[in-house]
Every structure is written in C-alpha cells, then in structure tokens.
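S.K.: Would you mind keeping the following structure in view while I ask a few things?
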Ligand SMILES: Nc1ncnc2c1ncn2[C@@H]1O[C@H](COP(=O)(O)OP(=O)(O)O)[C@@H](O)[C@H]1O
Ligand SMILES: CC(C)(COP(=O)(O)O)[C@@H](O)C(=O)NCCC(=O)O
Ligand SMILES: [K+]
C-alpha cells in the first residue's frame, strides 16, 4: 500500500493506492501537510511507501519526520522515467509534467498522447508513439486568470468561477466571466486543433482541478480524469522500482 502526494501551486492532493486501486483521496492546504499525512497514515497503517511529486514550495525536508516509519521517495529529475526527455532544458521541466508524461506513457503504450493539466497553470505535454517527450505549453489556469485581472488592474473585482450567460457580457462581472471562461475553453480547443494538424492521431488526457468543469464545455470530446496525476505517480514509482 502506498501513499502518493502531489504538491501543486494551489493545493496538495493525496491518495492511498493498493496496486492500481485508489482507496481514498484527500485534498488539503500547505500548512496542514504534516497533520494530514499523520492522519492518513493512522487510518492506513499498512502504507509502506510515501511517494511525493512537488512543484510547490515544499521540499524533501518536510517529509524527513516520516522516514523512520516508511520509505519516502521524493521524485526528482535524477529518477528513471519511462520516456526519452527531448525538452531542451530537461532539468527545468516540472516534476508534475514528468509524472504526467510517465503515467501517459505507461497507461497508453505505443501511441501519441497529449496530456492537458488544468491546475494553477494549464500545462500541455506531448509524448509521441516512440515515447519521446517533446514538450508542450504553459499558460495561466482558470483561477489565475480571475486573480490576475483583479491584481493587475484598479477596477476589476475579484470574481469566483461562474459559467458566463453569453459571449457578449453585458456587465463587468459578465464580461469577466465571458473573457476568462470562454478564453480558457477556446484556448484549449484551439491547441487541440493545432496538434491535430501536426499529428494525425493521439489520445487526450485531461486532468487538474478544473478538468470536470472544462470537459463538458470543450468542442472536442475528452474524457476527464481528475485523478490522473496521482495514478501516474503510483505507476511511475512502480516503474522506477522495477527499473532502478
Ligand atoms: N477548493 C478549491 N480551491 C482552489 N482551487 C479549486 C478548488 N476547487 C476547484 N479549484 C480549481 O482548481 C484549479 C487548481 O487546480 P489544482 O489541480 O488543485 O492545482 P495545482 O495542482 O496547481 O495545485 C483552480 O484553477 C480552481 O479553479
Ligand atoms: C508549469 C508549472 C508551474 C505547473 O504547475 P501547477 O499548475 O501544476 O501547479 C510546473 O510544472 C513548473 O513549475 N514547471 C517548471 C517549468 C517547465 O515545466 O518547463
Ligand atoms: K498544471
């Protein structure tokens, strides 16, 4: 039994896995890390490994306290991954993107794959059928768009996510919802269309905190799996153990 922990820039997500089965999922804030992990381990005392991917501000030292109880693995660029990294700056590629690429390679063998993670940022990652990680794109996520409109202007209010009534927003709030939500949806559909021009066939995996909201609004039909990063963490860890 393993406990996987994904430390993003907004929230921490965790899940306990028995083989490929997620037994329970958890979401919490950075300041609750130690307390929450204690609680999870109390509930699942059979966890033998704690596996972490962090792009947030939390480093390996935060997990030292658990090392006398279970095996702690904090993923880094030094680990073995199931793909060939063709990024021009492989050492700066986000560990979350490497884990997503690892999971996509292992779960969908011998095909082109596009992974879209709609989290704090939207990340696009493309792994071709020969398991070459080619790269992708990084853009602001949904909440980041609402927050930056507010933070970098004098007159725009901070709004929370709401589906716009219309493309033609007839008030400040409706104009912001239209711009943020429609811009977000058009961007992703637009990217998918561009990839389709370049690669005839690929599967699309959509994940991240906004995946569910997004999936039903896209022109392209995509199956959303909010748990894909944690599943990938568990699978990439197993791959690492088998190939070290
Ligand atoms: N309770 C919540 N707190 C913060 N963001 C949330 C929440 N529920 C949904 N979201 C959405 O999730 C996105 C962040 O996704 P997430 O996958 O948690 O990010 P990260 O992995 O970067 O920490 C935000 O854009 C926001 O719209
Ligand atoms: C792009 C990211 C900030 C996304 O983080 P997230 O939205 O998952 O919190 C993260 O993958 C990162 O810090 N990447 C480093 C730069 C790169 O991947 O090229
Ligand atoms: K992301």
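Heads up, the Cβ atoms here are built off N, Cα and C, so glycines get one too.
Curation does not apply to TrEMBL; its annotations are automatic.
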S.K.: TrEMBL records 6, 7, 8, 9, 10, 11, 12, 13 as ATP-binding residues. Which of 92, 105, 120, 123 is assigned to the same site?
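M.R.: Candidate listed by TrEMBL for the same site: 120.
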S.K.: Determine the binding-site residues, out of 6, 8, 12, 87, 95, lying near ligand 2 in the sense that the CB is under 6 Å from one of its atoms, and give them in sequence order.
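M.R.: The ones that qualify, in sequence order, are 8.
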S.K.: Output, ordered by sequence, the same-chain residues six or more apart from residue 97 (substrate binding site) with a CB under 8 Å from its CB, or 'none'.
M.R.: 115, 117, 123, 125, 136
S.K.: I want to check the contact list for residue 94 (substrate binding site): same chain, sequence separation of six or more, C-beta distance under 8 angstroms. What comes out?
M.R.: 55, 123
S.K.: What's the CA to CA span in angstrom from residue 95 (substrate binding site) over to residue 8 (ATP binding site)?
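M.R.: About 10 Å separates the two Cα atoms.
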